[in-house]
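Colleague: Quick one: the structure is below, questions incoming.
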Amino acid sequence: MELLSRVLLWKLLLLQSSAVLSSGPSGTAAASSSLVSESVVSLAAGTQAVLRCQSPRMVWTQDRLHDRQRVVHWDLSGGPGSQRRRLVDMYSAGEQRVYEPRDRDRLLLSPSAFHDGNFSLLIRAVDRGDEGVYTCNLHHHYCHLDESLAVRLEVTEDPLLSRAYWDGEKEVLVVAHGAPALMTCINRAHVWTDRHLEEAQQVVHWDRQLPGVSHDRADRLLDLYASGERRAYGPPFLRDRVSVNTNAFARGDFSLRIDELERADEGIYSCHLHHHYCGLHERRVFHLQVTEPAFEPPARASPGNGSGHSSAPSPDPTLTRGHSIINVIVPEDHTHFFQQLGYVLATLLLFILLLITVVLATRYRHSGGCKTSDKKAGKSKGKDVNMVEFAVATRDQAPYRTEDIQLDYKNNILKERAELAHSPLPAKDVDLDKEFRKEYCK
């Protein structure tokens, strides 16, 4: 019995050396990029071209713990309808953890699994309860990788029936009851064994291939590194018009933008994504075609516009005027109405003030002339009244003056007064213009 167990163990070790879990591209396969997509883009000249190149696996998430966020776990499912349960798991920077108490010291994983790539599960003594499909699951959270391998375990009572074979989908292992069983899971890719360093692991570059030029002679346009470094190549007329987002590695969007397309920009553009640590090498190809910009044909020149046959016809404004649309915006509230009403009232008030000013100025001018006339008339009137009073006074004093005539005149003044008393009153001068002005001013 012991001899058969040793023979079975040696067979399992031989199977371990031959059964290797397939992984991502490595070695020479990693050097070549896999073509992900190829499309034709046709745009008009003068527009902006956007060549989409996106990949969530290229998002820069620096692993500060240097454990690469890797984990391996083994699961067991008893049959098609049974529920899968977790048996054991182990992180690259931690210890292995067994979930069921009965499986402790029975299920073993190699402590150096993340160094030598051997993630096989050893069961020391199998029993009937261990039958089922075992799944080896590898998860790389940093590189967004998930890989799995299934092994089916069958338990037999006859040690001579112990064997291992391939059923077309997975490995089948037949083990005698109480004998050890080794479920093989090997993956020696550097992404799981940490054989490569992290520096310069992410790089993106854009190439431009002119029509008729082979792929290996394409011109480099841009180089983008996860560290933030950027390098621009290509002809000057194109270098100033191409750009990629500054946060490309934070969003995983490396789309190329070309401003103001020209006919000389036609060609084959390729986006190359390389994540050397995670083994990502992808290529996306775009066939860019630049067409003539769409424009309206010029209208005929009218006969009376004076244009000759050699000059280009000018567009007729009446042709497009019939198809124009005039948008009239009517305010929904009464603010606009009150605003216009305020303008009208303010204008009317200014006009009234101006009219009042003119009337007052005219009245003031006329009142000044009337006062001047009144002053002159007053002086003349005063003189007339004095003369009348003086004449009346002289009449009253006539008897006395008659007596004085007989007397001897003392001086010339008395003589003149006497002559005036005996002489008739002078005619009163009447100024009709002054009288008319007095009546008008009243």
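Keep in mind that glycine also has a Cβ here, set from the backbone N, Cα and C atoms.
Below are the features listed in Swiss-Prot for this protein:
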TOPO_DOM  20-340  topological domain 'Extracellular'
DISULFID  C53-C136  disulfide bond
CARBOHYD  N118  N-linked glycosylation site
DOMAIN    159-291  domain 'Ig-like V-type 2'
DISULFID  C185-C271  disulfide bond
MOD_RES   S227  phosphoserine
REGION    296-319  region 'Disordered'
CARBOHYD  N305  N-linked glycosylation site
TRANSMEM  341-361  transmembrane segment
TOPO_DOM  362-442  topological domain 'Cytoplasmic'
Colleague: If you run through the domain 'Ig-like V-type 2' (159-291) with DSSP, how many residues end up as helix, strand and coil?
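Modeller: Its residues fall into 21 helix, 59 strand, 53 coil.
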Colleague: Cα of C185 (disulfide bond) to Cα of N118 (N-linked glycosylation site): how many Å, rounded?
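Modeller: Cα-Cα distance, C185 (disulfide bond) to N118 (N-linked glycosylation site): 6 Å.
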Colleague: Identify, among the disulfide-bonded residues C53, C136, C185, C271, the residue whose Cβ has the fewest other Cβ atoms within 10 Å in this structure.
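Modeller: Each of the disulfide-bonded residues C53, C136, C185, C271 was scored by Cβ atoms within 10 Å; lowest is C136.
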Colleague: Of the recorded positions C53, N118, C136, S227, which one has its Cα closest to the Cα of C271 (disulfide bond)?
Modeller: C53
Colleague: How far is it from S227 (phosphoserine) to C136 (disulfide bond), counting Cα to Cα, in Å?
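Modeller: Each residue's Cα considered, S227 (phosphoserine) and C136 (disulfide bond) end up 35 Å apart.
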Colleague: 10 Å Cβ neighbour count around S227 (phosphoserine)?
Modeller: 12
Colleague: Tell me the coarse DSSP state (helix, strand, coil) of C136 (disulfide bond).
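Modeller: Its secondary structure by DSSP: strand.
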